[in-house]
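A.B. asks: Here's the feature list from TrEMBL:
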type	residues	note
DISULFID	Cys2-Cys8	disulfide bond
DISULFID	Cys323-Cys352	disulfide bond
DISULFID	Cys402-Cys424	disulfide bond
TRANSMEM	559-580	transmembrane segment
DOMAIN	609-752	domain 'TIR'
Amino acid sequence: SCDASQLCNCSSMGLDFIPPGLTAKITALNLANNRIKHIQSQDLQQAVNLRALLLQSNKISSIDEDSFQSLAKLELLDLSNNSLAHLSPVWFGQLFSLQHLHLQGNSYRDLGESSPFSSLRNLSSLHLGNSRFSVIRQRNFEGIELLHKLWIDGSNLSQYEQGSLRPIKKINHMIINLRNSNIFSEIVRDLLHSVAWLEVTEIKLPDEKESLVQNSIHPFRIEKLTFKEAFFTDQTISQAIVSLKEITSLKELEAIDCVLEGKGIWNTKEIAKSGQSFVETVTIIKLMIQNFHLFFDLEGMESQINKLKRLTIASSNVFMVPCNLAKHFSSLLYLDFHDNLLVNKRLEETICEGSWPSLQTLNLSQNSLKSLEETAKYISRLPKLNNLDISQNIFGEIPDVCEWPKPLKYLNLSSTQIPKVTTCIPPTLEVLDVSANNLKEFGLQLPFLKELYLTRNQLKTLPGAAPTPNLVALSVRRNKLNSFSKEELESFKKLKLLDAGDNNFICSCEFLSFIHHESGIAQVLVGWPDKYVCDSPLAVRGAQVGAVHLSLMECHRSLVVSLICVLVFLVILLLVVVGYKYHVVWYLRMTWAWLQAKRKPKRAPPKDVCYDAFVSYSENDSDWVENTMVRELEQACPPFRLCLHKRDFVPGKWIVDNIIDCIEKSHKTLFVLSEHFVQSEWCKYELDFSHFRLFDENNDAAILVLLEPIQSKAIPKRFCKLRKIMNTKTYLEWPLEEQQQQMFWENLKGALRS
């Protein structure tokens with residue numbers, strides 16, 4: 001159950017005891033939500049480097065006194081929500097490094113006669129108490145001098161010995177659940193000099209006039225007092241206001257989820273008589289007032305509010321502030337009335353002429369304002385206002401012209417259902433929020449604008465940069481943006497932050513190229529890379545934009561297709577050139593003719609044979625063939641009939657067909673070989689066909705006559721059978737001596753007759 005950093009999670013495993021075998025390697029051990037009842041001495045003896053031990057929500061009722069003795073490095077110990085009936089100082093005696101101790105939710109009724117925490121010099125936060133916890137004694141907190149946070153569940157605390165909390169010299173934040181109002185004053189007196197922020201829950205303020213600071217000397221430290229889920233009446237709240245004025249250090253009052261029973265009939269005379277309040281900030285959230293519509297206008301409280309600087313009354317059904325009262329908030333800088341019941345008619349009374357003279361920030365969001373024009377008109381009465389939030393009011397329409405306070409720089413109009421932006425929006429703004437309004441475009445001229453929020457609208461492109469030349473931050477999150485370009489970003493000269501996340505990005509090649517090659521894009525884009533996801537193409541939908549890399553084909557399809565077309569064209573052109581040079585077409589046609597000839601009978605019928613020999617020769621040798629050989633053979637007795645291409649080929653007939661027909665109609669084929677022969681293309685064609693036809697039949701119908709000496713190597717290598725015949729069979733060679741020529745003719749005639 002341990003990870004690489006030795007944090008071991010054994011929670012919710014149904015364990016009845018601390019697992020054995022714990023070693024010094026473990027730094028954190030989570031045993032929460034098990035069924036452990038007892039912690040023994042040896043259970044944690046070896047875990048000397050343990051820094052966090054979580055034992056909350058078990059059934060621990062007993063702990064051996066030396067169980068934690070070896071945990072000198074322990075910083076967090078959580079024993080909350082167990083069944084400990086008492087706390088022993090010995091448990092914590094060796095925990096010198098302990099900073100956080102949680103003991104709440106057990107069953108002990110007190111902390112003992114002395115302090116269980118006297119040795120915990122580094123303790124920073126302490127949580128204790130439970131529903132049975134009833135007594136706090138004077139020596140219970142001895143040894144603790146400084147706490148960042150002290151949380152006490154004293155819901156049933158009935159006895160508090162005066163001075164019990166005084167040993168703690170400094171507490172930054174103390175939270176106490178206290179229902180017994182009789183000991184509230186005693187606790188406050190002990191904390192005046194130590195606590196900076198006191199938070200009291202479930203208190204019902206006492207109906208007493210006893211001073212909170214009696215026998216206390218200045219200076220006090222308490223600056224903030226918070227009441228949560230407290231109960232007030234008109235009488236107790238009047239007395240509390242008077243009593244709290246005595247705490248001169250108190251600057252902030254807070255009431256959250258409280259109930260006020262009354263109609264606002266406060267003892268204003270007594271309050272005014274008690275002097276000026278030092279409180280500068282009042283926060284009231286979710287104050288429940290029965291019959292709030294009958295609540296009085298707090299007339300007579302004017303003298304108590306002129307020093308107030310910050311006032312928040314939220315979610316408390318405020319529907320108006322009397323004009324006379326509003327005029328006395330002379331020092332108020334911040335006013336928050338969000339989530340109330342303000343309407344335009346009452347707003348005229350709430351913000352009357354001369355009211356809120358120093359107000360700089362006003363929050364009227366989540367009210368029931370309907371007219372933006374009227375709202376702006378009343379707010380224009382605030383001469384120093386520079387920050388205004390009127391979001392989540394349903395205005396629906398926006399006029400072309402509005403009155404606003406001249407210093408206004410920050411305006412929030414988000415979620416107000418305005419269909420567009422007009423010149424109603426003041427040109428002096430530095431920050432504008434018009435999110436969640438279904439805007440389809442934004443082109444308003446705002447020369448001083450630095451921040452623009454357009455989240456959750458219908459924008460398809462970034463707004464133009466020219467109308468907002470000083471823009472530093474822009475949010476177009478959750479719009480209909482498909483992409484944005486380098487040119488668009490660079491048009492915003494001063495833009496440092498762009499939040500364009502949660503849009504349906506089309507991860508095109510141009511967009512991805514910009515994203516991948518733009519240096520510093522991660523510093524500009526808010527939420528990068530998690531919030532920037534591709535919506536298309538389908539193959540990369542859901543992938544982060546920064547992680548997508550499209551192929552060359554996907555990015556440059558037209559270029560690739562063009563290159564392929566050019567390549568195919570070049571290949572075809574090359575084939576044409578090669579075919580032309582090497583007469584490939586001719587060879588193909590000749591091959592086709594040969595294939596057709598293969599289907600014919602091996603030999604022509606005797607009646608079709610009309611020549612003794614077909615003579616194949618070069619045109620350069622035609623003089624010898626036509627004037628010497630033909631005359632000798634055709635004038636012989638009996639004469640030989642020779643087939644010559646010049647004389648016997650059928651005009652207009654394809655030459656290959658002529659060659660085939662003449663060879664097939666001849667008993668023999670007579671080749672007159674010479675250097676000219678092997679260099680002649682026509683002779684090559686005749687040799688080619690002879691190679692295919694005659695030698696394929698494996699007969700001796702070919703007669704070779706060497707007109708001049710020729711090397712067999714000169715014959716093309718592809719005609720292997722012809723080369724073989726010259727190497728293995730006798731051929732006739734034309735003699736230059738006349739006395740031998742007669743013998744040559746006799747031999748040739750004999751070969752033709754054979």
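Cβ coordinates are placed from backbone N, Cα and C, and glycine is handled just like the others.
Please treat TrEMBL annotations as automatic predictions, because they have not gone through curation.
Provide an account of the burial state, proximal residues and distances for the features listed.
C.D. replies: In sequence order, Cys8, Asn9, Ile26 make up the list of same-chain residues 6 or more apart from Cys2 (disulfide bond) whose Cβ falls under 8 Å from its Cβ.
For Cys323 (disulfide bond), applying a Cβ distance below 8 Å and a minimum sequence separation of six or more within one chain yields Glu349, Thr350, Cys352, Ser355.
Its Cβ taken as reference, Cys402 (disulfide bond) is surrounded by 19 other Cβ atoms within 10 Å in the chains shown.
Beyond its flanks by at least six residues, the transmembrane segment (559-580) meets 552-553 of its own chain at Cβ-Cβ distances under 8 Å.
Within the model, the domain 'TIR' (609-752) shows a mean pLDDT value of 79, rounded to a whole number.
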A.B. asks: How many other Cβ atoms sit within 10 Å of the Cβ of Cys8 (disulfide bond)?
C.D. replies: 20
A.B. asks: Non-local Cβ contacts of Cys424 (disulfide bond) (under 8 Å, 6 or more apart, same chain)?
C.D. replies: Leu372, Glu373, Ala376, Ile398, Pro399, Asp400, Val401, Cys402
A.B. asks: Suppose we draw a 10 Å sphere around the Cβ of Cys352 (disulfide bond). How many other Cβ atoms does it contain, all chains included?
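C.D. replies: Result for Cys352 (disulfide bond): 17 other Cβ atoms within 10 Å.
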